[in-house]
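Pulled from Swiss-Prot, these are the features on record:
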type: BINDING; residues: Cys68, Cys73, Cys79, Ser308; note: [4Fe-4S] cluster 1 binding site
type: DOMAIN; residues: 80-297; note: domain 'Radical SAM core'
type: BINDING; residues: Cys94, Cys98, Cys101; note: [4Fe-4S] cluster 2 binding site
Amino acid sequence: MSKPIVMERGVKYRDADKMALIPVKNVATEREALLRKPEWMKIKLPADSTRIQGIKAAMRKNGLHSVCEEASCPNLAECFNHGTATFMILGAICTRRCPFCDVAHGRPVAPDTNEPLKLAQTIADMALRYVVITSVDRDDLRDGGAQHFADCITAIREKSPAIKIETLVPDFRGRMDRALEILNATPPDVFNHNLENVPRVYRQVRPGADYNWSLKLLERFKEAHPEIPTKSGLMVGLGETNAEIIEVMRDLRRHGVTMLTLGQYLQPSRHHLPVQRYVSPEEFDEMKAEAMAMGFTHAACGPFVRSSYHADMQAKGLEVK
């Protein structure tokens, strides 16, 4: 029997080390058991990476993180090449250990009190007009990191008054009242929280999270700010069915959510949950049609769609696949 891992503060635990800490064990996928990617999942990288390297350099210079890099997003090259990025605040170590996610798990250090100003200055220097701010889960903080979100929103708006800000927040487990009290005083332009998948597979996909809690978070923010769009995202390929996805979409509408993202799950490493199916572009189109018929004002559905993928276009209601 292997020795238990003793986590050191500030150390990133990834792949096999991270999965070893999850109560519901996941057996590493052997190469021959991997599903072959269909043609529609092939990514063409840009010929010129100058813009990509420039954004990475700006991040490193200011000690900032992007979820694009930390979560190994397949759209990194495209988004960075277009000068867009989703900033990840509160460090790069998550207190949760979801087996679909490539963000590191561990015992995070205290939040950087200078991060809001550094973030605001970086965004101003990049002359961004739309920005997405997300974070790791911080179950070690009494407010789940809500005040840090609010401080970042305030600092960004001071330096870039015309900017639109979307927040992709964690579930603030056990801290919803306090978190919403803080965020209600400094609301974003779009409030996003991802359900990720269907309730039947939550124990395997989102250990430590609760489906109904996440729905309630979205509903309560919408009740306080009916004029602000609420948004949520789902992944397919984790053992769910299309019928179950459509039922989750109905739950989201019942809780006031108006914007939806739906994309294909991709396995970050052999130690993460395996891809159980690849959903075709035609099926994504069918689910988008279902979403629009339910009353979603915007629905971005496609193999490479992620919650913050072309978020500015999503907010404008433009076609995103």
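Cβ coordinates come from backbone N, Cα and C, glycine included.
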**OP:** In whole Å, note down how far the CA of Ser308 ([4Fe-4S] cluster 1 binding site) lies from the CA of Cys98 ([4Fe-4S] cluster 2 binding site).
**Re:** 19
Subject >> Assigned conformation of Cys98 ([4Fe-4S] cluster 2 binding site) - DSSP reduced to three states >> reply: coil
**OP:** Would you pick out, from the binding-site residues Cys94, Cys98, Cys101, the residue whose Cβ has the largest number of other Cβ atoms within 10 Å?
**Re:** Cys94
Original post:
Measuring Cα to Cα, how many angstrom lie between Cys94 ([4Fe-4S] cluster 2 binding site) and Ser308 ([4Fe-4S] cluster 1 binding site)?
Top reply: 19
Original post:
Roughly how many Å separate the Cα of Cys101 ([4Fe-4S] cluster 2 binding site) from that of Ser308 ([4Fe-4S] cluster 1 binding site), to the nearest whole number?
Top reply: 15
